[in-house]
Every structure is written in C-alpha cells, then in structure tokens.
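Participant: My questions will all concern the structure given below.
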C-alpha cells in the first residue's frame with residue numbers, strides 16, 4: 001500500500017468535512033467549509049513510491065453554509081448533501097453524449113439546525129439524516145417529503161446508519177445514547193407501505209465486568225458532548241451482520257482510567273455490545289466499511305467473527321486511521337500523524353483500491369492498495385453473485401448471523417418472529433416482492449414445518465413449500 005496527504009487546494013484552505021466515492025466511476029466528491037462540493041478524478045502513482053494524485057473536475061455550488069456530509073446514492077445517479085442551518089439537498093446526474101453535470105433535484109426542508117450526517121436506504125428511495133436539532137428524519141428521496149421523524153434524542157444527532165438489509169436504522173447522539181429502530185411496516189398507505197420505525201434498543205450504560213459488586217456503578221458507553229468532534233459516524237457492515245458504533249468509552253475497573261473504544265453490535269442481539277475495539281489512543285469518530293467482501297485466507301483462526309468471508313473496515317480517531325479485518329484480532333494497518341487537525345470522514349472506492357480521509361486541516365489523505373494486497377475479492381473466487389435462493393425450513397437458532405445474507409446459493413431460515421428481518425439485498429423490487437410473498441406463505445403454514453409432509457401451503461396452493469428464485 002502507498003499513500004499520504006495530497007497537497008492540493010481542496011477547499012480554499014478551509015476544513016474538508018466529508019467525502020465519498022462514486023460507486024461506478026470512482027470519482028471522489030468532497031465537501032467543505034467553503035460551502036462547495038467538489039469532484040475529483042483519482043490517478044494512480046506511476047512509480048511504486050509516487051503517491052496517488054487527483055485532478056479537479058468541477059464544483060457544485062448551491063449551499064450557503066459549510067457542507068458537513070455528502071453521500072452518493074447506491075445507483076450513483078444522485079448525491080445527497082447536508083449543511084449547516086438545516087440545508088439538505090439532493091443533486092441529480094444529467095448525462096449528454098459528451099458530458100455530464102450535476103443539478104439540484106430536490107431541497108429537503110424540515111431540519112431547523114445543522115445537518116451532520118445522512119445515509120441512503122439500500123434501494124435509494126429514502127434517506128435518513130441527523131441534525132443538531134436533536135432529530136433524525138427519514139425522507140422520501142423521490143418526492144422530497146418527510147416520511148417519519150425520530151425525535152427521542154436529547155442532544156445533537158451526530159451519526160446515522162441504515163441497515164443494508166433494510167430492517168433497521170441507527171442513530172448516535174452526544175446525549176451519550178445509540179438508538180436502534182426497527183421497521184414495523186404498516187398497512188398500505190396511498191398505494192405503498194407506510195414506514196414505521198420503532199425504537200427497539202437504547203444503548204447508554206453498561207455494568208463493568210471487573211468491578212467489586214459492593215461498588216457496582218453503571219458506566220456510560222459513550223463520550224459526552226465535550227468530545228472534540230462534530231461527528232460520530234457509525235456504520236453497518238455491507239452484509240448487515242454487525243454494526244460498529246464509535247465514540248465509545250470503557251473502564252475495566254473502578255481504579256482504571258477510561259479508554260477509547262468502538263463497540264461492535266451483532267445483528268443477532270443489538271441490545272448490547274458483543275465486543276469492543278480498544279486499540280485507539282484518542283476518541284474514535286468515524287467508521288466506514290470497505291464495500292467489497294474478500295475470500296478467507298485461513299491464516300488466522302483467532303478472528304472475532306466466524307464468517308465465510310472477510311470484511312474490512314476503517315476506524316478513524318481524531319488523528320489516526322485503523323484498518324481492521326474480521327479474520328484478524330489486531331488492526332492490519334495503522335496510519336498516524338497524517339493530519340494536523342481532526343479527521344472528519346472516511347470513504348472507500350467501490351473496487352477497494354482506495355481509501356480516503358478528510359480533515360479539518362483542509363487536506364485529504366488517499367491510500368492506494370496494490371492488487372491482491374487486501375486479498376481476493378469474493379466475486380473473483382468463482383462465486384456467483386446473482387441471487388439464487390432455495391427455501392428450506394431451518395430453525396433460526398441453528399443458523400449463524402451471516403447466513404441471513406445470501407450472496408451464494410445457501411439455505412434460508414424460516415423466521416419465527418412476527419416481523420421477519422430482511423435476509424437479503426435485492427436489486428429488483430419485483431423479485432423482492434415475490435421473495436416476501438413466499439416467506440409469508442411459508443410462515444402461514446403449520447409451525448412444524450420439518451415434520452410436515454405437505455409440500456404446498458393450504459392457503460396459497462400456487463406456491464410450493466420449496467421455492468427457487470433467481471435473476
């Protein structure tokens with residue numbers, strides 16, 4: 001790997017507060033305190049020692065205040081950007097035969113104060129934003145309307161995340177709480193299902209394990225509002241199996257000092273942290289996952305997740321970047337001393353070739369990985385990434401969390417809960433609808449599926465008990 005701080009005039013020497021890579025072209029978008037969004041093309045260094053370089057493309061000027069967050073939609077056709085003063089804008093890509101341009105598509109008006117974080121839904125039809133007005137808002141991205149407001153936080157909402165499987169949203173606030181909301185979809189509303197995200201878990205305090213029971217005192221999981229950062233950007237893994245929450249604090253005993261950490265929440269139990277990542281010397285403020293899954297190397301059996309693939313992610317403290325691999329306990333790389341001011345955001349390119357950081361010192365760092373350095377991408381190992389599902393009646397307790405996501409042909413769990421979580425991501429809404437109908441059909445059969453000799457649902461005779469869907 002090679003890289004470093006790229007010495008160009010990113011935003012007129014103003015702080016760079018956010019950045020993101022286009023999912024198709026690999027263009028890098030940055031937003032800063034100069035009120036602009038700028039687009040850059042990346043070029044690999046010609047020699048092994050030469051750093052990657054950037055070529056300025058154009059600027060998107062509309063905001064009147066500092067741009068705190070921007071994110072490309074999953075399709076790459078839109079950019080959502082949030083700024084001070086409650087400004088939230090959706091930009092649309094317009095293509096011609098020989099050029100392309102971004103134009104304002106929608107302005108979303110409801111937040112009363114600064115928008116600090118946002119994220120698109122997996123299908124690109126909605127987005128969630130968090131603001132200094134203590135609220136999260138779920139928006140209809142097509143109509144520019146509010147779909148739901150989540151206003152339970154008592155202080156600034158500095159990070160939001162949307163479950164890639166579509167069932168949960170999460171928010172992190174300087175009120176020292178992380179809230180997990182589950183979608184309890186209501187009946188059809190004006191031709192479509194009405195979102196109804198309900199708070200399912202609130203993480204705020206924990207019982208330190210090594211305390212004397214006579215002196216047990218619950219400790220806060222997260223930093224308070226004195227954390228020297230505007231952002232606490234949490235993130236879901238790309239397969240939806242776990243959520244990593246930054247800005248954590250922990251004490252091993254009454255006499256020990258407080259350490260900085262990030263908490264890992266397993267999808268199977270989001271009510272409490274499953275583990276923590278505590279190697280950082282300073283508070284962790286940003287989490288961002290590499291969008292590519294990698295084949296196992298089999299070199300280390302001490303990994304903290306028993307997954308059939310490797311997930312790579314980055315944690316940024318105020319001054320350092322830690323890169324983790326789920327097959328290894330310690331970080332696989334640490335980059336320190338890159339910036340003179342706080343790091344504000346992380347972005348990964350869609351091909352995992354680049355990871356980039358933005359900072360309040362007005363510069364960005366770009367790190368380039370050599371081919372194969374992070375491992376073999378899962379799609380290149382012979383696995384078919386097309387959706388192909390075979391339904392079996394496997395009890396949920398017999399499955400590992402990662403089996404709720406189907407990238408290859410594996411058995412699917414028959415969920416026993418009244419409101420099933422979405423086990424898949426699907427690019428086709430039509431096929432996804434068929435998928436849910438089949439699942440609901442299976443759920444309406446007798447509870448003893450494994451011993452049932454019937455291969456069809458009595459209420460839906462056109463659907464077999466074993467359903468195969470493919471694209």
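Along the chain as shown, the residues are counted starting at 1.
Cβ from N, Cα, C; glycine included.
Feature list, courtesy of TrEMBL:
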DOMAIN    4-374  domain 'CAF1B/HIR1 beta-propeller'
REPEAT    16-50  repeat 'WD'
REPEAT    60-101  repeat 'WD'
REPEAT    108-149  repeat 'WD'
REPEAT    150-181  repeat 'WD'
Participant: Are there residues at least six beyond either end of the repeat 'WD' (108-149) with Cβ under 8 Å to its Cβ atoms? List them, or say none.
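Facilitator: Non-local partners: 65, 68-69, 71-75, 77-78, 80, 82-90, 155-166, 169, 171, 173, 175, 195-197, 230-231, 233, 425, 429.
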Participant: Taking residues 6+ outside the repeat 'WD' (60-101), which of them lie with a CB under 8 Å of any CB in it?
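Facilitator: That would be 14-15, 17-25, 29-39, 107-120, 122-124, 127, 129, 131, 133, 139, 141, 144, 230-231, 345.
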Participant: So if I exclude everything within five residues of the ends of the repeat 'WD' (16-50), which remaining residues of that chain have a CB under 8 angstroms from its CBs? That is, six or more out.
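Facilitator: Non-local partners: 2, 10, 56-61, 63-72, 74-76, 79, 81, 83, 91, 102, 230, 291, 344-345, 347-351, 353-354, 356-360, 362-364, 366, 368.
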